[in-house]
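Here's the structure, in structure tokens; my notes come after.
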Amino acid sequence: MTKLLAGVAVGALLAAGGYYAYGNSQDGAVTADETVMTETAPVAAGSVEDAASFLAETEAEIADFGEFAAHTAWVYANFITEDTEYLVSRMSAEATELSVQQAGATARFADTELPLDMRRKMTMLTAGITLPTPAGGDYAQRLAELTTRMSSAYSTGTIDIDDTPVTLDTLEVMMGTERDPEFLAMMWNDWRAAINPAQMSQDYAAMVEIANAGARELGFSDLAEMWLSNYDMPADEMEAEVERLWGQVEPLYEQLHCYVRDGLNETYGEDVQATTGPIRADLLGNMWAQGWAPINDIVGIQSSDGGGYDLTQLLEANDYTPRQMVETGERFYTSLGLDPLPETFWERSLITRPRDRDVVCHASAWNLDNEEDIRIKMCTHVNAEDFRTVHHELGHNFYQRAYRGQDMLFRNGAHDGFHEAIGDFVALSVTPDYLVQIGLLDQDEVPDESADLGLMMDLALDKIAFLPFAVMMDQWRWRVFRGEITPDQYNTAWWELREQYQGLMPPVDRPADAFDPGAKYHIANNVPYLRYFLSYILQFQFQQAACDMAGWEGPLNRCTVYGNEEVGQRFNEMMEMGASQPWPDALEAFTGTREMDGSAIIAYFQPLMTHLEEQNTGSSCGWE
Ligand code: X8Z
Ligand code: ZN
């Protein structure tokens with residue numbers, strides 16, 4: 001009996017760290033040849049009853065293959081060797097092949113009038129494959145070889161500092177703490193050379209060709225249209241939606257950019273950072289300039305009583321261990337009334353980088369069996385950024401556990417931005433008052449009102465700086481998938497978008513064979529990025545709604561919902577829905593509104609916006 005599989009290709013499962021554990025299969029109902037025929041020849045329309053049994057079988061197979069796939073991917077991600085590369089590549093090829101056949105099998109029901117939930121499942125089976133291939137041939141094997149090679153090149157890359165190899169998780173910390181511009185440029189440049197860019201660029205182009213052909217065979221014009229078809233609306237409407245949301249927040253980004261550029265100019269001088277034009281991408285405290293909070297000490301706002309606090313210092317001063325950071329994160333969720341994590345979470349998670357083997361260090365949350373075998377995998381460092389990331393990852397796990405009662409295909413986020421927003425929303429409650437409650441800050445150290453702008457700035461360096469980065473990541477990919485950016489233009493087009501959206505420039509000339517997009521995890525590992533942009537919009541909508549529910553009347557940035565079981569219950573109700581309803585229904589269940597809206601994040605930062613506009617008068621903002 002042939003095992004057939006559909007749903008999200010395991011390339012995606014791997015890449016997203018397994019929080020989608022759906023790969024699925026169906027026992028020999030359709031052969032590959034028949035699937036090809038469905039593309040070209042008319043087929044008899046299936047009845048509603050046929051559709052129901054097709055979906056039931058499919059979902060059972062999703063559960064079965066998904067579990068196997070997740071365990072294989074977990075072993076690879078925790079122990080990268082030739083052998084686990086072989087295993088994951090083979091599993092991934094099988095997953096893709098079968099998922100594509102399964103997607104093809106939904107064509108039989110294209111004209112059947114189906115109940116809404118069944119229609120949703122059919123759409124998920126078709127549009128939910130991150131990297132499809134044409135049916136038949138050896139496409140899936142070739143694709144798996146390409147994606148595995150890119151993934152391993154990214155995760156095993158190191159650079160030499162003083163003749164010692166340094167891994168990315170350590171480099172990431174150093175990009176935030178080092179202040180010598182030459183040293184920063186060296187780390188920045190060497191990391192981009194460490195991923196085997198010449199090979200990766202070729203692999204990426206070959207991958208795009210296969211996946212685009214796969215998307216076309218499934219009825220999409222290209223992979224961009226397919227990626228944009230997972231949001232309960234037509235792809236072009238979703239793209240317009242992104243433009244609308246970006247337009248709402250862009251003015252705030254421009255003010256932040258202007259203020260930070262001035263701060264860097266004062267710190268480093270005109271030769272390193274001019275007061276006009278783009279900002280040097282290596283000076284912003286992050287390897288990709290996607291979050292700038294680590295340079296708050298040089299570009300941030302000091303309050304009159306100096307009353308800010310440094311979460312990294314608090315964690316260090318209290319001798320926090322990585323495991324304690326995770327325990328603290330868990331306690332937040334249980335304070336909302338959610339059940340504690342299972343014992344197996346603690347036995348099976350990877351919390352720090354092992355010293356003697358290669359692993360995928362990029363933080364991820366996993367659901368191995370779609371029931372209760374949930375885990376995280378992180379190379380945690382004791383600092384503020386990873387404290388937030390711990391809450392982020394746990395958000396994935398608590399969401400996964402909340403929707404486990406749903407049908408298999410609905411065990412997912414309302415959309416992928418919801419999945420990313422759960423934990424970040426929770427981390428917005430990490431306020432001074434909260435830190436007092438968990439004993440990290442003394443009551444008399446709580447900064448007074450005069451520190452509000454400084455605290456807000458610290459958060460804006462993270463949340464506002466991120467927005468244009470998140471938009472440009474998939475702008476680049478959509479254009480690549482559409483053929484508007486050809487392989488010889490990969491890197492120059494990347495920098496055009498970096499400049500256009502973020503107002504950044506590279507610190508050193510880019511070599512001809514550079515492939516800077518591939519030096520970012522989600523491109524080397526094919527994780528769509530629009531989800532994070534949507535998450536950064538949504539998490540402030542969640543926070544606004546939660547603080548309203550809690551009856552909070554002070555400034556939003558001081559609101560914590562720690563210990564609030566009423567909020568927890570409403571939150572859980574949304575999480576339990578999983579992907580069973582269109583996302584506006586889930587959003588409405590928690591916030592009362594059916595639209596994604598940037599006005600929540602704008603309102604949150606309004607006092608900062610006013611302050612920045614005042615401070616920036618006289619500066620020539622923008623970078624044209
Ligand atoms: O990749 C992640 C998470 C795992 S889903 C750690 N994030 C994005 C990134 O690191 O680029 C979280 C925020 C953005
Ligand atoms: Zn995430």
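Glycine is no exception: its Cβ is also placed from the backbone N, Cα and C atoms.
Marked as disulfide bond by TrEMBL: CYS361-CYS379 (among others). Residues near CYS361 (disulfide bond) in space but far in sequence (CB under 8 A, at least 6 apart, same chain), listed by position: SER155, THR167, LEU168, ASP169, ARG353, MET378, CYS379.
In the three-state DSSP reading, HIS392 (Zn(2+) 1 binding site) counts as helix. Per TrEMBL, Zn(2+) 1 binding site is recorded for HIS392, HIS396, GLU420.
What TrEMBL lists as active site, proton acceptor 2 is GLU393. Within 10 Å of the C-beta of GLU393 (active site, proton acceptor 2) we count 26 further C-beta atoms, all protein chains included.
According to TrEMBL, the feature active site, proton acceptor 1 maps to GLU393.
Per TrEMBL, the feature active site, proton donor 1 maps to HIS522. For the recorded site, HIS522 (active site, proton donor 1), the DSSP three-state label reads helix.
Secondary structure from DSSP puts CYS559 (disulfide bond) in coil. Cβ neighbour count for CYS559 (disulfide bond) (all protein chains, 10 Å cutoff from its Cβ): 21. Per TrEMBL, disulfide bond is recorded for CYS547-CYS559 (among others).
Of all Cβ atoms in the shown protein chains, 25 besides its own fall within 10 Å of the Cβ of HIS396 (Zn(2+) 1 binding site).
Taking CYS361, GLU393, CYS559 as the candidate recorded positions, the subset whose CB lies under 6 angstroms from any atom of ligand 1 is empty. Not a single one of the recorded positions among CYS361, CYS379, HIS522, CYS547, CYS559 has a C-beta coming within less than 6 Å of an atom of ligand 2. For HIS522 (active site, proton donor 1), the nearest neighbour among the recorded positions GLU393, GLU420, CYS559, judged by Cα separation, is GLU420.
Of the recorded residues, GLU420 (Zn(2+) 1 binding site) and GLU393 (active site, proton acceptor 2) place their C-alpha atoms 9 Å from one another. The Cα atom of CYS559 (disulfide bond) lies nearest to that of HIS392, taking the recorded positions HIS392, GLU393, HIS396 as the candidates. Taking a C-beta cut-off of under 8 angstroms and a sequence separation of 6 or more, CYS547 (disulfide bond) has the following same-chain neighbours: LEU556, CYS559, VAL561.
In this view, the densest Cβ surroundings among the recorded positions HIS392, HIS522 belong to HIS392, judged by other Cβ atoms lying within 10 Å.
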